[in-house]
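Listed in Swiss-Prot:
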type	residues	note
BINDING	Ser219, Ser220, Gly221, Thr222, Thr223, Lys227, Gln361, Gly362, Thr366, Asp450, Arg465, Lys556	ATP binding site
BINDING	Phe269, Ser273, Ala339, Gln361, Gly362, Thr366, Met374, Lys467, Lys471	(E)-4-coumaroyl-AMP binding site
BINDING	Arg290, Lys473, Gly474	CoA binding site
REGION	292-361	region 'SBD1'
REGION	362-429	region 'SBD2'
Amino acid sequence: MITVAAPEAQPQVAAAVDEAPPEAVTVFRSKLPDIDIPSHLPLHEYCFARAAELPDAPCLIAAATGRTYTFAETRLLCRRAAAALHRLGVGHGDRVMVLLQNCVEFAVAFFAASFLGAVTTAANPFCTPQEIHKQFKASGVKLILTQSVYVDKLRQHEAFPRIDACTVGDDTLTVITIDDDEATPEGCLPFWDLIADADEGSVPEVAISPDDPVALPFSSGTTGLPKGVVLTHRSVVSGVAQQVDGENPNLHMGAGDVALCVLPLFHIFSLNSVLLCAVRAGAAVALMPRFEMGAMLGAIERWRVTVAAVVPPLVLALAKNPFVERHDLSSIRIVLSGAAPLGKELEDALRARLPQAIFGQGYGMTEAGPVLSMCPAFAKEPTPAKSGSCGTVVRNAELKVVDPDTGFSLGRNLPGEICIRGPQIMKGYLNDPEATAATIDVEGWLHTGDIGYVDDDDEVFIVDRVKELIKFKGFQVPPAELESLLIAHPSIADAAVVPQKDDVAGEVPVAFVVRAADSDITEESIKEFISKQVVFYKRLHKVHFIHAIPKSASGKILRRELRAKLAAC
């Protein structure tokens, strides 16, 4: 059972900032009118609401193979998958881990779990066995859906239960593999055989509350180690509706549109703003397992992609790679950039390459459900947005800016910490009431840890980050995680990790290390030590040796001093 303590039951931990007096609070809202959100519906029912009127329209496209599933076929597959999972003992409140790159099976499994009232926690298949196990254990996973090539990761970590298809128990693990072109690994179950044998009529009728969890992504929040973010049916439905519902949707797409899904679905931006928004709107989703420039350009051209969700490294590739000119990308009408800020130079370069497309940015974080603001130029009745703007706050939500030191509300054009309140924000962190109370205050405001301001036209601009997270190509790299690994090395006395600007990745993690007495440990040995324990984007790009880590009187690492050292190099 996933539980999150109610605010009144949570320990009295100080919020990220103190609240300003109510009469002094300046609240910013969307330029678009609020809408009726059917948040009483379970997520699968909400997303497939148009399936009956679009039965033969394309829904999911496996871009690499060309296999296309209509809305009718997709919904049927999801129900059969739900029946198969139910037969394996998955029920209301159970957690299912999806350890996959983007594929049709990922989407089907996510919706199948929703039909059963179960919860999906998606993990990055490129993570190390140790990292996967941490998420597995924290989530209380009952079953894993993966690909044969990743099964060895589950066998390599001794703390994983034994994989066994015949026995269900606390000391065994049920693993389903999606491959249909090779032998199923020993002890695993073949996904498509389970689907073929399933009866969609056997899916149980489950009483699902809007406050039941449906997704459990992991995020490092504003500080610290990765934590499970509890997103309910209400919060996810609300987050999708804020983007694509209403007479003038903020992100306008529908039948006939094709959304490119090349960003990983284990990232909330892709799951929410691409897959779920497209299905709800009646658009097709072209699923690509990974980013490869030639394959992506070919998919855009072949499937006539109209909506492309990207992150800054993809924008850089589209803007600068000469291969782009060999492909017809004229079908693209919307380019939505998220996950990390984007510079004006890149914006201008992309506009020169795709002059017919509307380009804009959104701003979000996993805990916020995830979108806080979106470019108003994407709306059905568009209004222009400034360069560098993250758009205006989403509908049915409130945004305020507070002084990070005093907590008092700030007016327009004054930078401070961005806070958001609305039905889309998380229920809380999994089994972590202290972190929840430190992020969501007693009035329901979620403190993002990002510094920004709202201008005279209600547009949101992000200018800095209070939180310590490093953003490598849009992926989160929590310094605390790397620091704990570094300090565990017997030849390292102390360590700190900070971001360094990078033209391609945005930011890369760099370590400052204090050697232990009599140690002569080298940079290469430290980098190798870390690379064996973390996913590729968390690997250290540089190690600097210093005599002491600068810290405050309370022992907090003075990261600004270390960043200044990097800038001076």
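Glycine too: its Cβ is placed from the backbone N, Cα and C atoms.
Here the structure is a predicted model, which means the values were calculated and not measured.
Positions of Swiss-Prot features highlighted on the structure.
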{"residue": "Ser219", "record": "ATP binding site", "DSSP (3 states)": "strand"}
{"residue": "Phe269", "record": "(E)-4-coumaroyl-AMP binding site", "DSSP (3 states)": "helix"}
{"residue": "Arg290", "record": "CoA binding site", "DSSP (3 states)": "coil"}
{"residue": "Ala339", "record": "(E)-4-coumaroyl-AMP binding site", "DSSP (3 states)": "coil"}
{"residue": "Gln361", "record": "ATP binding site", "DSSP (3 states)": "strand"}
{"residue": "Thr366", "record": "ATP binding site", "DSSP (3 states)": "helix"}
{"residue": "Met374", "record": "(E)-4-coumaroyl-AMP binding site", "DSSP (3 states)": "strand"}
{"residue": "Lys471", "record": "(E)-4-coumaroyl-AMP binding site", "DSSP (3 states)": "strand"}
Protein Cβ atoms within 10 Å of Gly362 ((E)-4-coumaroyl-AMP binding site), excluding its own: 25
Candidate nearest Thr366 (ATP binding site) in space, where candidates are the binding-site residues Ala339, Met374, Lys471, Lys473, Gly474 and distance is Cα-Cα: Ala339
All-chain count of other Cβ atoms within 10 Å of Met374 ((E)-4-coumaroyl-AMP binding site): 30
Candidate with sparsest Cβ neighbourhood (10 Å radius) among Arg290, Lys473, the listed binding-site residues: Arg290
Sparsest-packed of the listed binding-site residues (Ser219, Gln361, Thr366) - C-beta count within 10 angstroms: Ser219
Inter-residue C-alpha distance, Gln361 (ATP binding site) and Lys471 ((E)-4-coumaroyl-AMP binding site) (nearest angstrom): 16
Between Ser219 (ATP binding site) and Lys471 ((E)-4-coumaroyl-AMP binding site): CA-CA distance (Å): 12
Cβ-centroid neighbours of CoA site Arg290, Lys473, Gly474, 8 Å, sequence order: Leu263, Pro264, Phe291, Val311, Pro313, Leu314, Phe475, Tyr537
Between Gly362 ((E)-4-coumaroyl-AMP binding site) and Gly474 (CoA binding site), the C-alpha gap once rounded to whole angstrom: 13
For Ala339 ((E)-4-coumaroyl-AMP binding site): intrachain residues, at least 6 apart, with Cβ closer than 8 Å: Leu263, His267, Phe269, Val311, Pro312, Lys471, Gly474
Euclidean distance between Cα atoms of Lys473 (CoA binding site) and Ser219 (ATP binding site), Å: 15
Extent of the CoA binding site in Å [max Cα distance among Arg290, Lys473, Gly474]: 15
